[in-house]
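Let me begin by presenting the structure, written as structure tokens, before commenting on it.
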Amino acid sequence: MTTFFQQHFSRNKWLAYAQLMRFDKPIGTLLLLYPTLWALFAAAGGMPPLSVLVIFVLGVIVMRAAGCVINDYADRHIDGEVKRTSQRPLATGRVTTTEAKILFVLLLCIAFVLDLLLNRYTFLLSFVAVALAIIYPFMKRFTHLPQVVLGMAFGWAIPMAYGAVSESLPLECWLLFFANIFWTVAYDTQYAMVDRDDDLRIGVKSTAILFAQYDNKIIALLQFITLVLLVIFGWISQYHWGYFVVLGLSASLFSHQCWLTKQRVREQCFKAFLNNHYFGLGVFFAILVGIYA
């Protein structure tokens, strides 16, 4: 029994589990959290019910962790071939495949319990979220557009939030959802540019490879479409003009990102990717201004 606990629950093992769930890298959680907050506050026309807000924040943390576990499980044979991912717990053997599968199921069970605390409408929508989380990691083997599936996975909290608050999916919901997809494809392409050379060598597909020398131009186009959809969203929602001012200020971050990725240097592309959480926060502030000003 002592040996069992030493193997599976030692301090080093807990650290490995935390790294597998990316608790040491909160950027992904933030990129998932901000669109969720957009939708919750937009659907409620202000502060959503506190219980719903807490459930969704916890759900974001849990599902982000689950997504990382299943992603690393799917990539366990190729992560060791990529410089950026070579030290991940599954790639180095610090976490076994059995442990990863058990952890994934445990996280899904926690998410299931959280879903039970919401209305039936949202509970049914949650099955799509689970399906997208499971499908996404395997898409890079079959298509150059896995980032689109990631955008759907990261954005599905938006219809769930509308469902939880209003039990409806109005046009505003879908404008936010598709804005999030275009934004996600843009920032995850920046992320994929970091690994492009390694991905080409091992045969992994991504939008960074698909877009090739047009990558920066297409990223800029995707960001422009994101802004157009967010402007339409604010107009239909009849937000105060302050929303558009804050959104415009947030959009200036895209110009900075384009400058960072201009030379396609790995470190600079990664900085551009990280910069996106400020945009997500900016849009959240814009929505608050639009509602309360």
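Indices start at 1 and increase along the chain as displayed.
Glycine is no exception: its Cβ is also placed from the backbone N, Cα and C atoms.
Residues or ranges marked as transmembrane segment in Swiss-Prot: 26-48 (among others).
Summarising the annotation, Swiss-Prot assigns transmembrane segment to 98-118 (among others). Counting same-chain residues at least six beyond the ends of the transmembrane segment (98-118), those with a Cβ under 8 angstroms from any Cβ of the stretch are 8, 17, 20-21, 51-52, 55, 58-59, 62-63, 65-66, 69-70, 72-73, 76, 90, 126, 130, 164.
Counting same-chain residues at least six beyond the ends of the transmembrane segment (122-142), those with a Cβ under 8 angstroms from any Cβ of the stretch are 63, 66-67, 70-71, 73-75, 108, 111, 115-116, 149-150, 152-153, 156-157, 159-160, 163-164, 204-206. Residues annotated as transmembrane segment in Swiss-Prot, with sequence analysis given as evidence: 122-142 (among others).
Long-range contacts of the transmembrane segment (145-165) within the same chain, counting only residues at least 6 positions beyond its ends with a Cβ under 8 Å from a Cβ of the stretch, are 31-32, 35-36, 38-40, 43-44, 48-49, 52, 55-56, 59-60, 67, 118-119, 121-122, 125-126, 128-129, 132-133, 135-136, 139, 173-174, 176-178, 180-185, 188-189, 192, 205-207, 210. According to Swiss-Prot, the transmembrane segment annotation covers 145-165 (among others), on the basis of sequence analysis.
Sequence annotations record features per position, and here Swiss-Prot assigns transmembrane segment to 167-187 (among others).
The transmembrane segment feature in Swiss-Prot is assigned to 218-238 (among others); the stated evidence is sequence analysis.
According to Swiss-Prot, the transmembrane segment annotation covers 241-261 (among others). Note on the transmembrane segment (241-261): residues 190, 193, 215-216, 219-220, 223, 227, 230-231, 234, 268-269, 271-272, 275-276, 278-279, 282-283, 285-287, 289-290, 293 of its chain, located 6 or more positions outside it, place their CB under 8 angstroms from a CB of the stretch.
Cβ atoms under 8 Å from those of the transmembrane segment (272-292) belong to residues 27, 30-31, 33-35, 37-38, 41-42, 45-46, 183, 187-188, 190-191, 194, 230, 234, 237, 239-240, 242-247, 249-251, 253-254, 256-258, 260-261 of the same chain, restricted to positions at least 6 beyond its ends. The feature transmembrane segment is assigned by Swiss-Prot to 272-292 (among others).
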